[in-house]
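Copied from TrEMBL, the annotated features are:
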ACT_SITE  E28  active site, proton donor
BINDING   K89, V109, S143, S144, D145  substrate binding site
BINDING   D141  Mn(2+) binding site
ACT_SITE  K162  active site, nucleophile
Amino acid sequence: MAAALQHIDIHPRVAEALAAGRAVVALESTIITHGMPWPQNNEMAMEVESLITQEGAVPATIAVIDGRLKIGLSASEREELAQRKDAMKLSRADLAFAISQGRTGGTTVAATMIGAHLAGIPVFATGGIGGVHRGAEKSFDISSDLEELARTPVIVVSAGPKAILDIPKTLEVLETRGVPVVAYGTATMPAFWSRESPCPAPLRLDSPEAIAEFQKTRAALGIPGGMLIANPVPRQMEIPSAEMEAYIARAEADAAAAGIGGKAVTPFLLGRILELTGGRSLKTNIELVKNNARLAARIAVALAS
Ligand code: PSU
Ligand code: MN
(Lines of atoms letter the chains of each structure in order from A and count residues from 1; the text may use other names and numbers.)
(Lines give C-alpha, C1' and ligand atoms only; values in the text may rest on other atoms or scores of the structure.)
(Ligands and ions follow the chains in the order given, each with its own letter.)
Protein backbone atom coordinates (compact mmCIF):
# COMPACT_ATOMS: atom_id res chain seq x y z
CA MET A 1 0.00 0.00 0.00
CA ALA A 2 2.75 2.48 0.95
CA ALA A 3 4.47 1.99 -2.41
CA ALA A 4 1.15 2.05 -4.21
CA LEU A 5 0.20 5.40 -2.66
CA GLN A 6 2.63 7.29 -4.87
CA HIS A 7 0.44 6.39 -7.84
CA ILE A 8 -2.97 6.88 -6.20
CA ASP A 9 -5.17 9.94 -5.72
CA ILE A 10 -7.93 9.28 -3.23
CA HIS A 11 -10.62 11.95 -3.51
CA PRO A 12 -10.87 13.86 -0.19
CA ARG A 13 -14.54 12.88 0.24
CA VAL A 14 -13.60 9.20 -0.09
CA ALA A 15 -10.49 9.48 2.10
CA GLU A 16 -12.54 11.10 4.83
CA ALA A 17 -15.20 8.36 4.75
CA LEU A 18 -12.57 5.61 4.80
CA ALA A 19 -10.73 7.20 7.72
CA ALA A 20 -14.01 7.41 9.65
CA GLY A 21 -14.89 3.77 8.85
CA ARG A 22 -17.99 4.84 6.93
CA ALA A 23 -19.54 2.93 4.01
CA VAL A 24 -17.86 3.42 0.64
CA VAL A 25 -18.85 1.81 -2.69
CA ALA A 26 -16.38 1.54 -5.57
CA LEU A 27 -17.60 1.92 -9.17
CA GLU A 28 -15.87 0.85 -12.34
CA SER A 29 -15.18 3.03 -15.35
CA THR A 30 -14.87 0.71 -18.38
CA ILE A 31 -18.65 0.88 -18.41
CA ILE A 32 -18.18 4.64 -18.90
CA THR A 33 -15.34 4.54 -21.47
CA HIS A 34 -16.29 1.40 -23.44
CA GLY A 35 -19.70 0.18 -22.24
CA MET A 36 -22.08 3.03 -23.07
CA PRO A 37 -22.16 5.95 -25.52
CA TRP A 38 -21.85 9.63 -24.56
CA PRO A 39 -23.80 11.29 -23.00
CA GLN A 40 -25.74 8.39 -21.44
CA ASN A 41 -22.48 7.07 -19.94
CA ASN A 42 -21.93 10.27 -17.97
CA GLU A 43 -25.58 10.57 -16.94
CA MET A 44 -25.56 6.95 -15.75
CA ALA A 45 -22.38 7.49 -13.72
CA MET A 46 -23.80 10.63 -12.15
CA GLU A 47 -27.13 9.01 -11.23
CA VAL A 48 -25.38 5.96 -9.79
CA GLU A 49 -23.19 8.15 -7.58
CA SER A 50 -26.18 10.07 -6.25
CA LEU A 51 -28.14 6.87 -5.56
CA ILE A 52 -25.23 5.58 -3.45
CA THR A 53 -25.13 8.88 -1.57
CA GLN A 54 -28.89 8.66 -0.91
CA GLU A 55 -28.34 5.22 0.64
CA GLY A 56 -25.86 6.69 3.11
CA ALA A 57 -22.64 5.53 1.45
CA VAL A 58 -19.89 7.39 -0.40
CA PRO A 59 -19.33 6.56 -4.10
CA ALA A 60 -15.79 6.15 -5.43
CA THR A 61 -15.52 5.81 -9.19
CA ILE A 62 -12.14 4.29 -10.05
CA ALA A 63 -10.21 5.12 -13.24
CA VAL A 64 -6.73 5.93 -14.50
CA ILE A 65 -6.37 9.55 -15.59
CA ASP A 66 -3.09 10.75 -17.06
CA GLY A 67 -1.16 8.06 -15.22
CA ARG A 68 -2.84 8.52 -11.82
CA LEU A 69 -5.00 5.81 -10.26
CA LYS A 70 -8.04 7.80 -9.16
CA ILE A 71 -10.19 6.52 -6.31
CA GLY A 72 -13.19 8.83 -6.60
CA LEU A 73 -13.60 11.33 -9.41
CA SER A 74 -14.74 14.94 -9.38
CA ALA A 75 -17.73 15.74 -11.60
CA SER A 76 -15.48 17.38 -14.18
CA GLU A 77 -13.01 14.47 -14.21
CA ARG A 78 -15.89 12.06 -14.76
CA GLU A 79 -17.39 14.16 -17.52
CA GLU A 80 -14.05 14.48 -19.29
CA LEU A 81 -13.32 10.75 -18.99
CA ALA A 82 -16.75 9.96 -20.46
CA GLN A 83 -15.78 11.84 -23.64
CA ARG A 84 -12.15 10.77 -24.03
CA LYS A 85 -11.41 9.00 -27.27
CA ASP A 86 -7.96 7.77 -26.18
CA ALA A 87 -9.10 5.87 -23.07
CA MET A 88 -7.67 2.37 -22.75
CA LYS A 89 -9.67 -0.56 -21.36
CA LEU A 90 -7.63 -1.60 -18.35
CA SER A 91 -7.51 -4.94 -16.61
CA ARG A 92 -4.95 -6.63 -14.31
CA ALA A 93 -2.47 -7.05 -17.17
CA ASP A 94 -2.27 -3.42 -18.19
CA LEU A 95 -3.35 -1.30 -15.20
CA ALA A 96 0.26 -0.59 -14.21
CA PHE A 97 1.23 -0.12 -17.88
CA ALA A 98 -1.23 2.77 -18.20
CA ILE A 99 -0.02 4.30 -14.93
CA SER A 100 3.65 4.00 -15.87
CA GLN A 101 3.01 5.49 -19.31
CA GLY A 102 0.89 8.40 -18.10
CA ARG A 103 -2.12 7.09 -20.00
CA THR A 104 -5.85 7.29 -19.32
CA GLY A 105 -8.23 4.37 -19.12
CA GLY A 106 -11.42 2.91 -17.80
CA THR A 107 -10.92 0.14 -15.26
CA THR A 108 -12.71 -3.16 -15.83
CA VAL A 109 -14.17 -5.21 -13.00
CA ALA A 110 -10.74 -6.82 -12.49
CA ALA A 111 -8.77 -3.56 -12.38
CA THR A 112 -11.42 -1.82 -10.28
CA MET A 113 -11.22 -4.63 -7.72
CA ILE A 114 -7.45 -4.08 -7.50
CA GLY A 115 -7.91 -0.34 -6.99
CA ALA A 116 -10.74 -0.79 -4.48
CA HIS A 117 -8.71 -3.25 -2.44
CA LEU A 118 -5.63 -0.97 -2.43
CA ALA A 119 -7.82 1.82 -1.07
CA GLY A 120 -9.58 -0.41 1.47
CA ILE A 121 -13.01 -0.41 -0.18
CA PRO A 122 -14.73 -3.80 0.29
CA VAL A 123 -17.72 -3.47 -2.08
CA PHE A 124 -18.12 -2.53 -5.69
CA ALA A 125 -21.06 -2.16 -8.08
CA THR A 126 -21.05 -2.82 -11.82
CA GLY A 127 -23.46 -3.91 -14.54
CA GLY A 128 -22.36 -7.39 -15.48
CA ILE A 129 -19.03 -9.12 -15.04
CA GLY A 130 -16.93 -10.50 -17.87
CA GLY A 131 -16.68 -14.28 -18.08
CA VAL A 132 -16.34 -17.20 -20.45
CA HIS A 133 -17.27 -16.12 -23.96
CA ARG A 134 -19.40 -18.32 -26.19
CA GLY A 135 -17.01 -20.38 -28.30
CA ALA A 136 -14.24 -20.03 -25.68
CA GLU A 137 -13.25 -23.64 -26.41
CA LYS A 138 -11.89 -22.23 -29.68
CA SER A 139 -11.06 -18.59 -28.85
CA PHE A 140 -9.82 -19.14 -25.25
CA ASP A 141 -11.56 -15.81 -24.46
CA ILE A 142 -12.15 -15.88 -20.71
CA SER A 143 -12.30 -12.56 -18.86
CA SER A 144 -9.69 -11.88 -16.21
CA ASP A 145 -12.61 -10.68 -14.07
CA LEU A 146 -13.04 -14.33 -13.03
CA GLU A 147 -9.42 -14.70 -11.94
CA GLU A 148 -9.61 -11.43 -10.01
CA LEU A 149 -12.71 -12.57 -8.14
CA ALA A 150 -10.72 -15.59 -7.02
CA ARG A 151 -7.86 -13.45 -5.73
CA THR A 152 -9.04 -10.12 -4.42
CA PRO A 153 -11.34 -9.72 -1.42
CA VAL A 154 -13.97 -7.38 -2.83
CA ILE A 155 -17.70 -8.05 -3.09
CA VAL A 156 -18.81 -7.39 -6.68
CA VAL A 157 -22.49 -6.57 -7.12
CA SER A 158 -23.66 -7.34 -10.67
CA ALA A 159 -26.80 -8.36 -12.54
CA GLY A 160 -25.06 -11.66 -13.31
CA PRO A 161 -22.53 -12.41 -16.04
CA LYS A 162 -23.33 -10.50 -19.23
CA ALA A 163 -25.81 -12.52 -21.28
CA ILE A 164 -23.49 -12.37 -24.30
CA LEU A 165 -21.38 -14.93 -22.42
CA ASP A 166 -21.66 -18.65 -21.89
CA ILE A 167 -23.27 -18.53 -18.44
CA PRO A 168 -22.97 -22.25 -17.51
CA LYS A 169 -19.25 -22.24 -18.37
CA THR A 170 -18.75 -18.97 -16.49
CA LEU A 171 -20.34 -20.54 -13.39
CA GLU A 172 -18.12 -23.61 -13.77
CA VAL A 173 -14.95 -21.50 -13.83
CA LEU A 174 -16.10 -19.50 -10.82
CA GLU A 175 -16.76 -22.71 -8.92
CA THR A 176 -13.36 -24.13 -9.85
CA ARG A 177 -11.66 -20.96 -8.65
CA GLY A 178 -13.59 -20.98 -5.37
CA VAL A 179 -15.66 -17.87 -5.98
CA PRO A 180 -19.04 -17.80 -4.24
CA VAL A 181 -21.85 -16.79 -6.58
CA VAL A 182 -24.82 -15.49 -4.62
CA ALA A 183 -28.12 -14.66 -6.28
CA TYR A 184 -29.98 -11.95 -4.42
CA GLY A 185 -33.55 -12.83 -3.52
CA THR A 186 -33.89 -15.55 -6.16
CA ALA A 187 -32.98 -19.19 -6.71
CA THR A 188 -32.23 -18.63 -10.41
CA MET A 189 -29.11 -17.09 -11.87
CA PRO A 190 -30.02 -13.76 -13.49
CA ALA A 191 -28.59 -12.93 -16.92
CA PHE A 192 -27.92 -9.19 -17.09
CA TRP A 193 -30.77 -7.78 -19.27
CA SER A 194 -32.98 -10.71 -18.21
CA ARG A 195 -34.05 -11.75 -14.73
CA GLU A 196 -33.57 -15.42 -15.49
CA SER A 197 -31.02 -17.68 -17.12
CA PRO A 198 -31.49 -21.44 -17.48
CA CYS A 199 -29.05 -21.97 -14.58
CA PRO A 200 -29.95 -22.38 -10.93
CA ALA A 201 -28.04 -19.99 -8.66
CA PRO A 202 -25.21 -21.69 -6.74
CA LEU A 203 -26.14 -19.78 -3.55
CA ARG A 204 -28.96 -17.51 -2.48
CA LEU A 205 -29.20 -14.74 0.13
CA ASP A 206 -32.05 -12.34 0.77
CA SER A 207 -30.58 -9.41 2.67
CA PRO A 208 -27.56 -7.07 2.55
CA GLU A 209 -26.80 -8.01 6.16
CA ALA A 210 -26.59 -11.70 5.27
CA ILE A 211 -24.19 -10.92 2.42
CA ALA A 212 -22.00 -8.82 4.74
CA GLU A 213 -22.01 -11.64 7.31
CA PHE A 214 -21.02 -14.21 4.67
CA GLN A 215 -17.99 -12.20 3.54
CA LYS A 216 -16.95 -11.48 7.16
CA THR A 217 -17.12 -15.23 7.87
CA ARG A 218 -14.95 -16.03 4.83
CA ALA A 219 -12.39 -13.51 6.01
CA ALA A 220 -12.47 -14.96 9.54
CA LEU A 221 -11.75 -18.42 8.11
CA GLY A 222 -8.86 -17.05 6.09
CA ILE A 223 -10.49 -17.87 2.77
CA PRO A 224 -9.13 -15.35 0.26
CA GLY A 225 -10.88 -13.74 -2.66
CA GLY A 226 -14.01 -11.89 -3.56
CA MET A 227 -17.56 -12.92 -4.18
CA LEU A 228 -20.04 -12.30 -6.93
CA ILE A 229 -23.53 -11.06 -6.11
CA ALA A 230 -26.06 -11.53 -8.91
CA ASN A 231 -28.92 -9.09 -8.48
CA PRO A 232 -31.75 -9.48 -11.01
CA VAL A 233 -32.72 -6.42 -13.06
CA PRO A 234 -36.04 -4.85 -11.95
CA ARG A 235 -38.97 -6.68 -13.56
CA GLN A 236 -40.44 -3.65 -15.35
CA MET A 237 -37.12 -3.04 -17.15
CA GLU A 238 -36.09 -6.58 -18.08
CA ILE A 239 -35.82 -7.91 -21.62
CA PRO A 240 -36.68 -11.63 -21.45
CA SER A 241 -33.86 -13.94 -22.51
CA ALA A 242 -35.91 -15.54 -25.30
CA GLU A 243 -36.04 -12.10 -26.91
CA MET A 244 -32.39 -11.22 -26.18
CA GLU A 245 -31.04 -14.46 -27.67
CA ALA A 246 -31.85 -13.44 -31.24
CA TYR A 247 -30.06 -10.10 -30.84
CA ILE A 248 -27.06 -11.75 -29.17
CA ALA A 249 -26.75 -14.35 -31.94
CA ARG A 250 -26.91 -11.63 -34.58
CA ALA A 251 -24.32 -9.48 -32.78
CA GLU A 252 -22.03 -12.52 -32.39
CA ALA A 253 -22.28 -13.24 -36.11
CA ASP A 254 -21.52 -9.60 -36.93
CA ALA A 255 -18.48 -9.65 -34.62
CA ALA A 256 -17.16 -12.78 -36.32
CA ALA A 257 -17.72 -11.31 -39.78
CA ALA A 258 -15.91 -8.11 -38.80
CA GLY A 259 -13.00 -10.07 -37.31
CA ILE A 260 -13.45 -8.53 -33.84
CA GLY A 261 -11.25 -10.16 -31.20
CA GLY A 262 -9.68 -9.73 -27.77
CA LYS A 263 -10.60 -6.72 -25.68
CA ALA A 264 -12.78 -5.30 -28.43
CA VAL A 265 -15.30 -8.17 -28.29
CA THR A 266 -17.41 -7.07 -25.31
CA PRO A 267 -17.63 -3.36 -26.31
CA PHE A 268 -18.51 -4.38 -29.90
CA LEU A 269 -21.26 -6.76 -28.80
CA LEU A 270 -22.79 -4.25 -26.35
CA GLY A 271 -22.75 -1.54 -29.02
CA ARG A 272 -24.25 -3.79 -31.69
CA ILE A 273 -26.99 -5.03 -29.34
CA LEU A 274 -27.83 -1.42 -28.50
CA GLU A 275 -28.38 -0.80 -32.24
CA LEU A 276 -30.34 -4.01 -32.77
CA THR A 277 -32.68 -3.28 -29.85
CA GLY A 278 -33.16 0.34 -30.89
CA GLY A 279 -31.63 1.58 -27.63
CA ARG A 280 -33.72 -0.60 -25.34
CA SER A 281 -30.75 -2.67 -24.14
CA LEU A 282 -29.01 0.54 -23.01
CA LYS A 283 -32.02 1.66 -20.97
CA THR A 284 -32.10 -1.74 -19.27
CA ASN A 285 -28.33 -1.66 -18.73
CA ILE A 286 -28.60 1.72 -16.99
CA GLU A 287 -31.45 0.54 -14.74
CA LEU A 288 -29.64 -2.62 -13.72
CA VAL A 289 -26.50 -0.69 -12.78
CA LYS A 290 -28.61 1.64 -10.63
CA ASN A 291 -30.27 -1.35 -8.99
CA ASN A 292 -26.84 -2.85 -8.26
CA ALA A 293 -25.52 0.42 -6.85
CA ARG A 294 -28.41 0.57 -4.38
CA LEU A 295 -27.74 -2.97 -3.17
CA ALA A 296 -23.98 -2.40 -3.00
CA ALA A 297 -24.55 0.68 -0.83
CA ARG A 298 -26.73 -1.33 1.55
CA ILE A 299 -24.07 -4.06 1.76
CA ALA A 300 -21.41 -1.41 2.43
CA VAL A 301 -23.53 0.08 5.22
CA ALA A 302 -24.03 -3.41 6.70
CA LEU A 303 -20.27 -4.08 6.53
CA ALA A 304 -19.43 -0.75 8.16
CA SER A 305 -21.82 -1.17 11.10
N1 PSU B 1 -20.99 -4.00 -17.07
C2 PSU B 1 -21.70 -3.28 -17.98
N3 PSU B 1 -21.02 -2.81 -19.07
C4 PSU B 1 -19.67 -3.02 -19.26
C5 PSU B 1 -18.94 -3.78 -18.28
C6 PSU B 1 -19.65 -4.24 -17.22
O7 PSU B 1 -22.90 -3.06 -17.83
O8 PSU B 1 -19.12 -2.57 -20.26
C9 PSU B 1 -17.45 -4.01 -18.48
C10 PSU B 1 -16.75 -4.33 -17.16
O11 PSU B 1 -15.72 -3.39 -17.00
C12 PSU B 1 -16.18 -5.73 -17.35
C13 PSU B 1 -15.92 -5.74 -18.82
O14 PSU B 1 -15.03 -5.96 -16.57
O15 PSU B 1 -17.13 -5.12 -19.33
C16 PSU B 1 -15.68 -7.15 -19.34
O17 PSU B 1 -14.82 -7.07 -20.42
P18 PSU B 1 -14.13 -8.42 -20.99
O19 PSU B 1 -15.28 -9.30 -21.37
O20 PSU B 1 -13.30 -7.96 -22.17
O21 PSU B 1 -13.28 -8.97 -19.89
MN1 MN C 1 -11.85 -11.15 -23.24
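Each Cβ is built from the backbone N, Cα and C atoms, and glycine gets one as well.
Overlay of TrEMBL feature records on the structure.
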| residue | record | Cβ contacts under 8 Å, 6 or more apart |
| --- | --- | --- |
| E28 | active site, proton donor | T61, I62, G106, T107, T108, V109, A111, T112, F124, T126 |
| K89 | substrate binding site | T30, T33, H34, G105, G106, T108, K263, P267 |
| D141 | Mn(2+) binding site | V132, H133, G135, G261, G262, V265 |
| S143 | substrate binding site | T108, V109, A110, I129, G130, G131, V132, H133, T266 |
| S144 | substrate binding site | S91, R92, A93, T108, A110, G130 |
| D145 | substrate binding site | S91, T108, V109, A110, I129, G130, G131 |
| K162 | active site, nucleophile | G127, G128, I129, G130, G131, F192, T266, L270 |
Distance-selected recorded positions near ligand 2 (C-beta under 6 Å), from E28, D141, S143: D141, S143
Residues flanking the substrate site, with Cβ no more than 8 Å from the Cβ centroid of K89, V109, S143, S144, D145 and excluding those residues themselves: T30, S91, T108, A110, A111, I129, G130, L146, E148
Recorded positions near ligand 1 among E28, V109, D141, S143 (Cβ under 6 Å): E28, V109, S143
DSSP-derived structure type at K89 (substrate binding site), helix or strand or else coil: strand
Packing count at V109 (substrate binding site) (other Cβ atoms within 10 Å of its Cβ): 28
